[in-house]
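Inspection log for the structure reproduced underneath, given as structure tokens.
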Amino acid sequence: MIRRFRRTKIVATLGPSTDNHIILENMIKSGVNVFRLNFSHGTREEHIYRAKLVTSIAKRLNCHIALLGDLQGPKIRICKFQDKKVFLKVNNYFILDANLNENLGTSERVGIDYKNLPKDVKKCDILLLDDGKIQLKVINIVDQEIFTKIIIGGVLSNNKGINKLGGGLSARILTKKDKRDIITSIDIGVDYLAVSFPRYGSDLDHARKCAVKFGSKAKIIAKIERAEAVKDLKIIDEIILASDAIMVARGDLGVEIGESELAGIQKTLIRRARQLNRVVITATQMMESMINNPMPTRAEVMDVANAVLDGSDAVMLSAETASGKYPIETIKVMSKVCMGAEKMPSINVSQHRIHDKFHDIEEAIAMSAMYAANHLSGITAIITMTESGKTSLMTSRITSGLPIFALSSHIQTLKLTALYRGVTPIFFNSSKEGVSAANEVINLLVKRGFLEPGNLVIITQGDIMGKVGKTNTSRILKV
């Protein structure tokens with residue numbers, strides 16, 4: 001019997017907790033498919049060191065692990081307090097002062113790093129600090145000072161983020177730091193580049209042009225975290241189509257749109273991304289308690305399982321692996337939860353694009369192969385022989401319980417497919433074509449233990465090997 005694979009991929013964030021090569025190796029063995037470099041933290045040298053460590057271990061283990069560079073973006077923050085933190089009392093007044101020295105904050109006022117904030121707010125706006133833990137109501141704006149009344153108080157420490165309820169902050173999509181980090185990401189050779197806080201599709205177009213100008217070949221991920229980005233379905237689709245993948249970044253997004261709206265928006269984003277043939281990652285606090293505990297809460301287990309059932313390509317861990325005490329255990333638990341959720345039959349039925357026109361021959365072949373696989377009894381696997389990974393992506397848009405094997409001679413392509421739901425990347429290089437190449441692939445998969453004699457498989461390939469966009473054939477073969 002063909003062995004069962006976990007279909008949902010796991011993205012883990014690198015950090016101090018993963019700097020040990022033994023821990024990193026065990027994380028890969030436990031199920032990590034993509035490692036994230038969070039450019040909001042750490043130095044250029046640290047990121048390069050961690051990326052090299054991942055690459056060397058993955059090469060030794062003969063597995064294809066993708067690297068994801070995550071740009072900080074225009075995160076709007078307060079500056080620093082003289083005493084590092086202050087206590088804000090409800091009904092007291094507090095000033096956000098764009099002219100104040102960045103280190104001279106007090107319990108009465110604090111500086112802000114985004115100097116145009118006074119122009120972006122108006123009376124009665126609600127400003128959310130530290131992910132909404134502190135809430136301020138704007139009562140007046142005078143020049144560069146924003147006068148507020150404290151609605152929800154508490155301890156406020158240095159450099160906490162500022163959001164506006166309902167969105168409306170107009171900071172530019174790429175900062176000077178982001179541009180420096182893009183250069184670092186090129187030196188590292190990341191496969192994916194995540195763009196933070198896009199509000200419209202044009203923001204992604206701008207980010208892509210900038211990255212390409214610097215020489216980046218990375219695929220672009222849109223991090224959905226602004227209220228404007230989910231204002232209506234038209235804007236959602238515009239952002240999805242302008243990117244190669246999206247990340248449902250539930251932290252800032254939940255703060256801006258309100259926690260009560262988050263679950264519905266998550267489901268909408270995942271559904272639309274899959275319908276538009278894009279990859280989708282669900283992120284933020286998925287197993288937050290495992291930063292300090294060896295076991296997750298039941299609510300966290302349900303959250304991960306729900307993201308799987310929604311159809312996420314990947315679920316992501318942040319501080320749980322970057323700075324947590326139990327990075328390996330977290331990966332193991334998340335992997336088990338994903339596999340448990342994938343047993344549910346609800347995710348094995350798909351109507352993907354059944355009523356839509358196909359855009360090209362590759363998509364037509366991929367869709368026909370997957371529908372045949374889901375409706376012909378006895379199919380055990382789908383094999384895509386691919387140059388760019390596009391056919392593998394298309395087949396992975398139709399949910400099924402069947403493994404998809406992406407075979408390519410291009411390491412970059414194999415790393416990209418590491419993020420696709422249900423796809424297992426395998427290196428394959430041959431001068432053969434047609435049925436001869438297909439038979440060689442089958443022999444390789446049997447040798448690797450992925451297939452057994454008697455299995456029925458579907459193979460997609462092109463008549464001409466080695467050229468992008470030439471997939472035009474689907475075969476059903478018996479091993």
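Our numbering is plain: 1 for the first residue shown, then up by one each step along the chain.
Glycine too: its Cβ is placed from the backbone N, Cα and C atoms.
With N38, S40 listed by Swiss-Prot as binding K(+), the candidate from D19, D70 annotated for that site turns out to be D70. Cα proximity to D70 (K(+) binding site) (within 10 Å) is found for the following recorded positions from R36, K160, K223, E225, D252: R36, K223.
Same-chain residues that are not part of N38, S40, D70 yet have a Cβ within 8 Å of the Cβ center of the K(+) site turn out to be T13, R36, L37, F39, H41, L71, Q72, A194. When each of the binding-site residues N38, S40 is scored by how many other Cβ atoms sit within 10 Å of its Cβ, S40 comes out lowest. When other Cβ atoms within 10 Å of the Cβ of K160 (ATP binding site) are tallied across all protein chains shown, the result is 16. Taking CA atoms as the reference points, T284 (substrate binding site) and H41 (ATP binding site) are 16 Å apart. According to its DSSP assignment, S40 (K(+) binding site) is coil. Its Cβ taken as reference, D70 (K(+) binding site) is surrounded by 28 other Cβ atoms within 10 Å in the chains shown.
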